[in-house]
There are 2 protein chains.
Amino acid sequence: MSNYSAPLRDMQFVMRDLAGLDEVTRLPGNEDVTPDLVDAILEEADKFAAGVLAPLNRSGDQHGARWHDGEVTTAPGWKEAYRQFAESGWTAIACDPQHGGQGLPKLVSTAVMEMWKSANMAFSLCPMLTTGAIEALLLCGSDAQKAMYLPKMVAGEWTGTMNLTEPQAGSDLAAVRTRAEPQADGSYRLFGQKIFITYGEHDLTDNIVHLVLARLPDAPEGVKGISLFVVPKYLVDAGGNLGAHNDVRCVSIEHKLGIHASPTCVLAFGDQGGATGTLVGEPNRGLEYMFIMMNEARFAVGMEGLALSERAYQHALQYARERVQGTEAGVRGGPKVSIIRHPDVRRMLMSMKSQTEAMRALAYVVAAETDKAHRHADAQQRAHSQVFVDLMIPVVKGWLTENAFEIASTGVQVHGGMGFIEETGAAQHLRDARITSIYEGTTAIQANDLIGRKIARDGGAAIGAVVRQMGAVETELGVIGDEPFVAIRRALGSGIAAVEEAVAYILATYDRDIKAASVGAVPFLRLLGIVAGGWQLARAALAARRRLEAGEGEADFYRAKIVSARFYADHVMAQAPGLAYTVVNGAAGALELDDTQF
Amino acid sequence: MSNYSAPLRDMQFVMRDLAGLDEVTRLPGNEDVTPDLVDAILEEADKFAAGVLAPLNRSGDQHGARWHDGEVTTAPGWKEAYRQFAESGWTAIACDPQHGGQGLPKLVSTAVMEMWKSANMAFSLCPMLTTGAIEALLLCGSDAQKAMYLPKMVAGEWTGTMNLTEPQAGSDLAAVRTRAEPQADGSYRLFGQKIFITYGEHDLTDNIVHLVLARLPDAPEGVKGISLFVVPKYLVDAGGNLGAHNDVRCVSIEHKLGIHASPTCVLAFGDQGGATGTLVGEPNRGLEYMFIMMNEARFAVGMEGLALSERAYQHALQYARERVQGTEAGVRGGPKVSIIRHPDVRRMLMSMKSQTEAMRALAYVVAAETDKAHRHADAQQRAHSQVFVDLMIPVVKGWLTENAFEIASTGVQVHGGMGFIEETGAAQHLRDARITSIYEGTTAIQANDLIGRKIARDGGAAIGAVVRQMGAVETELGVIGDEPFVAIRRALGSGIAAVEEAVAYILATYDRDIKAASVGAVPFLRLLGIVAGGWQLARAALAARRRLEAGEGEADFYRAKIVSARFYADHVMAQAPGLAYTVVNGAAGALELDDTQF
């Protein structure tokens, strides 16, 4: 089994030197968030993640959540861990103080979230979904709904779920069929089946607050006829007391490749006369409300990609240090060495390490911009930050999760044959990671959002601004003659050119031939992710160099930052021109066959 | 659940138009192998694979092999399927007719092997290991050993295993500690523990013939002190009758990520006084004998990569045709369509299809060259073919297996959320594929073999000859002005240049700085695989064009071949220059950190 400890040093570096923690803590409303407080929170979170959640990760995977007669039992230790989690106030850190939360900046809660997800992704899904449901009620709920549900949810006494998917309505929510019938008392009765409901049923809390997409009787077809309802597992009276079991039942849970400890439920609404719910917000605007929360949810899933990459890296590194096998390359008959001495193992570890650092830097920068978008005093800056966030969300979701699977697979490879044995634990990260590029919108959905809504729609304005920021870093690199910086600059320069070439193609093609543009969407998302990550690592290398020149301690850490950026330039950024080539030239081959020719 | 049917049309095309089946059947000793016979064999094999083996793939995965008190029970249906497999003569098709085999060319047995592995990889490992053990006894065994074991093994009545790995001796076989003590009667007693022994214990046959690496008391240290022994599960008397249970026990089986139905055993030799065995060949030459069989074994594992890719492709294609979700891109409010109509799903399917075809073409060409290396009348041609085979074996092993995992993952992605649910079956291919780039030598071991023994050692002569063959295809493409061929030629040209650049670096670096060269080994293997695959698809496109021009039927199939080659050029070959960049520039970043800086 592997231990986990939060990469506090890298988190702090990224927060301070790349994401502008100082600026974030100066934003209106963040005045109480001092650097010392941030450090204290991260240290406490690390203790909880490493001490309570991480030890349950493997046992949770082995035992899994279990269904019996409509009830779901979580894995041993889960209930106690959840109780501690809630009692320690972790459910509330990012929530609005008005409803009992601590209102920490997203930059800080993001680092904390990374820890939960590294330590135990299956566990982390429960508070993550609850946060999403809280957000939905906060934004769109009535005062009565807020009063009834929010205090309990923020305190972690009740959890929340999101009920979107149905068997015929996965990526295409326009096909949702669950229906809601208005009742004389202003409530609704819901009828239908929802699938893939994460923590849709469990034994961690007394009640579960389901947010459910459904259609009203007179609703128009398609996406504009979907409304949002809140449907508690147990009905709640005006005094906040739990009443009868609502007509919603968990009819089964899925047998999945990974996240075994997270129950993925099939929920039946209305088999016994209708599940009682109330409308959230206005009729037929349910999907719109979902879209408001989408950035948040997609960012969180992207963080799963980062978190699992970090965990897989720590796991592989520990093994590479301990496992003795073979002699050093080129040394015949020499002593046996730890496999970390072998060049290809180093290559694999550097690949895991540098990409994880690149992903963390990009994600935290996006988190900080989200804080600015919400709280900055200057409206223009808020708008500017929001545009950046909107552009980068599909990249954070798509690129980080695709990477995580590759990185977890590299972690298995570092273990050799032991990686294939479940007891080792390396394979679990791989299995857990595989869902992240699927749920909350597949990579293709992210990529089409990216090239369509985020690039074509504004004629390339947002991406153009980012490319200019990247260009400024390239210029800054250009004055440094040291070899690693020359390599980093060369790679960033060719990465920027690749992005520009691909963007020009997308802008020229999207309206004229959406299919051709769409073939390049996923390769483009990957390209932009790679180059954005390289941009952040280049910034990290520059910051590290400044710290080194100023003689500000920890030279080993800062030198390693420069090496990471250099490795990434030569091994990862090197893929950028090829991806641009595919974006620009790849449509014909992909679209030419008749369906029958496959 | 998915069905499997062998891709007979593509197999036949590759065998005839790319691998030179005609030439292979004209080789000395192959005179009886007519085209009709080949077709009949492939059709029968398809029936067996699709009808008997494929239906057991999922149930075998779910049930797994089970250990109790030293005995292993295979999954339901396994015994009966194995009995039919042996009775139908499938165990013997590639074996020497002198010992009861059918002596079919490797080109033909390769196509048949692909089917077993596509249909049920976990099953296929048992005959595969047996074939390896047969080969070892054929090459190095005494007449008495051959007489005692080969007829039963060729007939499938007994199976064989290879016992190499020990806990401290995985990739580094020099560390083997199992010892063999000579007895007065000329036999040996073996003591030690072997791990990761595929089908080391099972209930399919009456006896199991273990081939075991061990050290004699006076053996030198390291790789030159390892001998090979044959140790049957049940002792065999001179009349071929089974006697007492030998002192070898299966003490446990592994709980693995995939190939659940294939028991991976820990075998204890000599807990009760010593396991009786006989020496195979001469003392201290065991590892050398293993190396003789290595091409065969590595090729077979490479075929697992191809086979699982084909299976994953068929699985995903079937789902993409059936699953209705969303409307056609750019058509608002249009009818719902099968997801095969969505551009990114087409991209994924084309990626799976074109790479699978490229791998099949390369593998079958290598199989045909193996036939020539064994049987060609001209010694120079035999030597020439052997050099090509030796060069390409690590590529077939490393590249096909790394691809398989990516392709199986793409197959999961095509399924969306359903791909993560085990009942769908797509995830099994992913889990099964993950072992293939580890066992029988990890990708790094293949890659270091490739750049060291296969490229640096002969000063680039063998790879130079291949590059010249590729160049001839590029020239041939150059006279065709059709757009797809222009794209294919451009990609092949830049692929060849990338290989040349990387080879020049390896030749200049290997002796001077083996670590630097070794950092580029895996990226180079990937590069050479991609370009070799593109070379074969370019040949396929040229052959298809000739058939089309000659009006030789099946225009849809031949046109699709050209589209495959074109897609591959724009989406896969496009990666070649970036990989060469990494080979040439990637060492510094990978090697610079101290161990403590990770």
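Here the Cβ of each residue, glycine as well, is placed from N, Cα and C on the backbone.
Because TrEMBL annotations are produced automatically, they should be read as predictions rather than curated entries.
Here the structure is a predicted model, which means the values were calculated and not measured.
Annotation comment: TrEMBL describes A:40-157 as domain 'Acyl-CoA dehydrogenase/oxidase N-terminal'. Taken as a whole, the domain 'Acyl-CoA dehydrogenase/oxidase N-terminal' (A:40-157) shows an average pLDDT of 96 in this prediction.
Here TrEMBL flags A:162-270 as domain 'Acyl-CoA oxidase/dehydrogenase middle'.
Annotation comment: TrEMBL describes A:284-450 as domain 'Acyl-CoA dehydrogenase/oxidase C-terminal'.
The domain 'Acetyl-CoA dehydrogenase-like C-terminal' feature in TrEMBL is assigned to A:482-594.
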Using DSSP, what is the helix/strand/coil residue split across the domain 'Acetyl-CoA dehydrogenase-like C-terminal' (A:482-594)?
97 helix, 0 strand, 16 coil
Which stretch from A:40-157, A:162-270, A:482-594 shares the most C-beta pairs under 8 Å with the domain 'Acyl-CoA dehydrogenase/oxidase C-terminal' (A:284-450)?
A:482-594
What are the DSSP helix/strand/coil residue counts across the domain 'Acyl-CoA dehydrogenase/oxidase N-terminal' (A:40-157)?
85 helix, 6 strand, 27 coil
